[in-house]
Amino acid sequence: MSTSLTSRRAFLGGSLLFVGGMALSACGKGDAVKAGAKVTLEQWYHAYGEAGTQQAVIRYAKEYTKANPDVAIKVNWIAGDYSAKLHSTLLTPQAPDLFEIGDFQYVDVKNGLLAPLDDIVKGQEAEYSKASLESATADGKLHGLKMMDDAMVLYYRKSVLEKAAVAPPQTFAELAAAAMKLTSREQKGLFVGSDGIGNAAYLLLWSNGGDLLDPEGRKVVFNSPEGVAAISGLKQLHDGKSLLLDFTTDWYDPGAFIQGAAAMQWCGLWAMPAIKKALGDDFGVLAWPKFGDSGRAVSRIGGWFAAVNAKGEHVEEAKKFVEWLWIKQAELQKDWCVSYGFHVPSRKSVAARTTEFTSGPAKDAADILANTGKAYPNLWNTAMDSAFAQAVLKIAKSGGDAKSLLDEAAAKAQAELDKQLA
Amino acid sequence: MADTVTARQATATRPAGVRPGRRGRRTDWKAVGAFTLLTAPMVVGLGLFKYTAIGWSFLLSFSEARGTVDLGSWVGFDNYAFLLEDEAFRSSMTGIVLFTIFIVPVTFGMSLGLAVLLHGVRRGRAFFRTGFLLPAAVSYVVAALVWKMSLFNGLPSGVANTIGGLFGWDVQSWIAGTDPPLYWIVIITLRLWLQVGLYMILFLAGLQAIPVHLYEAASLDGASRRAQFRHITLPMLRNTSVAILMLILIAAFQAFDEFYNVFMTTTGNATAPVRPPLVFLYDTALKGQDYGVGSAGAFMLTLLIVLVTLLQGRLVGFGRKD
């Protein structure tokens with residue numbers, strides 16, 4: 001009996017120690033908290049893949065505290081599904097004061113999560129691309145400040161195209177023909193994504209003058225005749241067996257292009273340093289070619305926005321920090337964009353001073369972005385994307401009727417849009 | 001329950017000198033205190049983090065809750081009606097039923113078959129047992145990525161395509177191709193590899209509990225191996241089988257990880273050719289921030305699982321006394 005008592009006591013003691021330890025270790029999280037600061041702002045970043053980014057943002061935060069000793073910034077680096085984690089945390093009192101947003105969503109504004117930033121951006125609007133301002137503007141106010149622009153463009157392998165006597169494609173017909181001509185047993189012509197869809201349906205739609213929503217953002221219009229015709233083009237690519245499918249990584253990674261599994265790939269500017277390192281000068285970039293003569297070449301503009309929690313305790317302090325870092329500190333913005341990964345500074349004056357973008361494919365990509373960049377409207381949400389994507393899947397791979405499938409998806413997306421606007 | 005047992009054991013192991021009657025009648029406050037102390041965290045935790053959450057989610061399923069978990073904008077059964085009309089959700093529900101009808105007997109048969117084979121092995125049983133069980137310890141995510149990136153990638157150098165090449169087959173896209181739907185081969189082999197070992201161990205334990213003398217007597221009476229299997233092994237394994245059947249069934253309805261990871265792209269699961277209910281609900285509630293519709297879907301799935309489990313209990317007699 002005495003042994004069983006001791007072991008029970010030991011178990012209880014052990015449990016208490018464990019719980020205590022957990023409680024203590026939970027207090028020790030976070031970086032760069034400065035003792036003595038009056039206000040501590042909590043800031044969230046998604047986990048950037050590039051080495052040095054985390055150290056960089058902590059350094060920016062420390063520099064701010066050096067200039068403003070009253071405010072300390074605690075940086076949290078969030079791995080995993082950032083958007084889902086951010087949105088669940090924003091519903092709780094543990095919500096961060098500052099955070100970044102990838103795809104801007106209207107519902108966040110509707111729910112009053114984002115503080116308007118118009119007063120700090122005033123007079124600076126011309127510095128930013130129209131597409132970026134539009135996606136962060138809702139209910140007439142700007143709710144996010146672009147930290148950097150990501151260009152998504154079509155990479156092509158110069159030597160492979162030359163060998164096959166194929167010119168860089170300027171229309172969709174040329175793209176489809178080139179993809180066919182460049183396909184062999186070991187190499188496919190084009191890689192748009194492991195699922196054979198990726199961004200291609202959006203690009204096709206835009207490249208034929210179609211769009212997701214009408215300019216007022218009240219009506220879903222991707223089922224327009226232009227949209228139906230262009231999205232059917234994806235089936236043409238699938239039927240030609242010239243698309244690389246089921247590659248080990250998806251389109252965001254340049255692996256397929258570097259390894260020669262595909263002669264052309266849709267990818268981001270972020271991959272350019274790796275491509276340059278592997279292939280030297282043997283590559284070029286293009287916009288997604290226009291679908292027909294009435295269409296226009298397009299590219300996608302991505303990147304992250306800095307946003308402030310409207311329900312936080314320190315909205316004014318947080319806005320001051322955003323203004324300091326993303327408007328006033330040109331050197332830090334440049335450092336952020338080109339010292340670790342490779343992004344176009346979102347402010348035109350900073351981009352103009354960034355020598356990395358003055359020549360070669362990097363300049364081409366920056367020009368393509370400036371001239372043809374499109375972003376998703378902020379009313380475009382997961383449910384609408386899902387309806388659209390399922391229709392595209394059936395059109396491209398199962399040979400479904402494009403018109404009726406897109407009509408059906410548009411009706412579903414319209415219902416979703418109406419609910420958002422209600 | 002474990003604590004009740006401990007308390008009872010403590011009473012049972014009381015030294016013989018103490019008269020049990022006197023203490024038996026009085027409430028043992030020490031035991032009650034210990035019981036409360038030990039169970040309270042569990043009960044409070046369950047109540048707070050499970051049942052409150054389930055109740056809240058039930059209320060949410062009757063609300064319009066986008067990007068918020070606040071109650072208040074009641075919409076009645078709108079969320080349920082929306083899902084019932086939604087082609088994507090309906091095909092997700094019918095899909096999971098078909099998947100279950102296929103995967104449950106296959107998993108069951110393979111686990112039982114392997115267990116019987118292993119039970120008959122004289123040498124190296126421990127080796128094979130460990131070998132078959134090992135995949136059960138592998139993370140679904142890791143296994144799904146190995147299947148996707150290494151075994152079934154679409155390159156000529158992928159393992160499946162290399163083997164196919166030996167037979168002169170063309171290079172196949174195993175996951176992105178939908179005609180024919182080769183992705184089922186990827187999903188089903190992955191699931192069997194991960195799950196069969198564990199159920200096999202359970203069957204093996206059941207087999208080892210069957211008294212050997214039954215087989216000896218049957219042999220003396222001239223029963224064939226087949227007759228022994230039908231008339232001794234299967235009936236003696238009934239309780240094990242019923243329990244395992246239920247586990248496989250619930251696991252089938254809860255399919256998530258392998259579907260999610262095999263079909264995952266940069267932007268999520270929107271272009272997946274099949275989305276089981278849990279993937280659908282994850283996309284709706286956590287990606288799309290539509291907690292109202294997500295909760296409604298979760299309760300509809302729960303209802304389906306309960307119905308099927310009850311039906312199965314009826315059919316195979318779970319909990320029926322022998």
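Each Cβ is built from the backbone N, Cα and C atoms, and glycine gets one as well.
Keep in mind that TrEMBL annotations are predicted by a computer and have not been checked by a curator.
TrEMBL lists B:1-11 with the feature compositional bias 'Polar residues'.
For B:97-312, the entry in TrEMBL reads domain 'ABC transmembrane type-1'.
Residues annotated as region 'Disordered' in TrEMBL: B:1-24.
As annotated by TrEMBL, transmembrane segment applies to B:29-49 (among others).
Long-range Cβ contacts of the transmembrane segment (B:96-119) within its own chain (Cβ-Cβ under 8 Å, at least 6 residues beyond either end) map to 125, 128-129, 132, 188, 191-192, 195-196, 199-204, 206-208, 229, 233, 237, 241, 244-245, 248-249, 252-253, 255, 276-277, 304, 308. The transmembrane segment annotation in TrEMBL covers B:96-119 (among others).
Among the features that TrEMBL reports, transmembrane segment is placed at B:126-147 (among others). Note on the transmembrane segment (B:126-147): residues 114, 118, 186, 189-190, 193-198, 200-201, 204, 257-258, 260-262 of its chain, located 6 or more positions outside it, place their CB under 8 angstroms from a CB of the stretch.
What TrEMBL records for B:182-215 (among others) is transmembrane segment.
Through the fold, the transmembrane segment (B:236-256) approaches residues 96, 99-100, 103-104, 107-108, 111-112, 191, 195, 199, 202-203, 205-207, 209-210, 214, 276-279, 282, 301, 304-305, 308-309, 312-313, 316-318, 322 of its own chain, all at least 6 residues removed from its boundaries and within a Cβ separation under 8 Å. Positions annotated as transmembrane segment by TrEMBL: B:236-256 (among others).
According to TrEMBL, the transmembrane segment annotation covers B:291-311 (among others).
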